[in-house]
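Pulled from TrEMBL:
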type: TRANSMEM; residues: 12-35; note: transmembrane segment
type: TRANSMEM; residues: 55-76; note: transmembrane segment
type: TRANSMEM; residues: 83-107; note: transmembrane segment
type: DISULFID; residues: 146-177; note: disulfide bond
type: TRANSMEM; residues: 205-230; note: transmembrane segment
């Protein structure tokens, strides 16, 4: 005996919700990958703790993507066991997402130190670094129009004259443009990369946290719908 009346509406709403869940799962995977790329490709960050939130988001996204199968099939077939499994697993996912959001908020205060340490390490190893490593540092300075960690003076060790910066610091990049022009604001960017990169990473993590919370709210609605459908299906079994 199938569900009737308002519960039929709940049934189809749950099927539709699980379609949204697939999309949400995919969105979390994409957001997690974007955050991971921002943290570890833009900067050569060595602090593995900063990978926690992106990895959790990717894992949760993948789980949601597959868990939605139980909800969709269970709702369509009105299978009490599958709908119950879906509700329990989705509740666990919500708890994990809330934990990830809290972790992301806590790590916001740690970003400044990590960015500064990472940039300092990159600049100190630039002179003797590989071609690929130098290209990575140059890419950051060119992209963000900055020079050094706090200012162009951070490159004073680069040459014996103490007044040379990499060509990637130049406003108009040409071969050898950084030679002897460290303090020339008309030729070389004077602001450091620390503040620019810190703001960029904080903004990214902020959006990841907001997205995770919005998706968690939607999932709570899914749990409520599941519980209503479970009660209706169980009532149907008792009538039978």
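Using the three backbone atoms N, Cα and C, a Cβ is placed for every residue, glycine included.
Put simply, of 12-35, 83-107, 205-230, the stretch with the most CB pairs closer than 8 A to the transmembrane segment (55-76) is 12-35.
For the transmembrane segment (83-107), same-chain residues at least 6 beyond its ends with a Cβ under 8 Å from one of its own Cβ atoms are 14, 18, 49-50, 52-53, 56-57, 60, 63-64, 67-68, 70-71, 74-75, 205, 208-209, 212-213, 215-216, 219-220, 222-223, 226-227, 229-230, 233.
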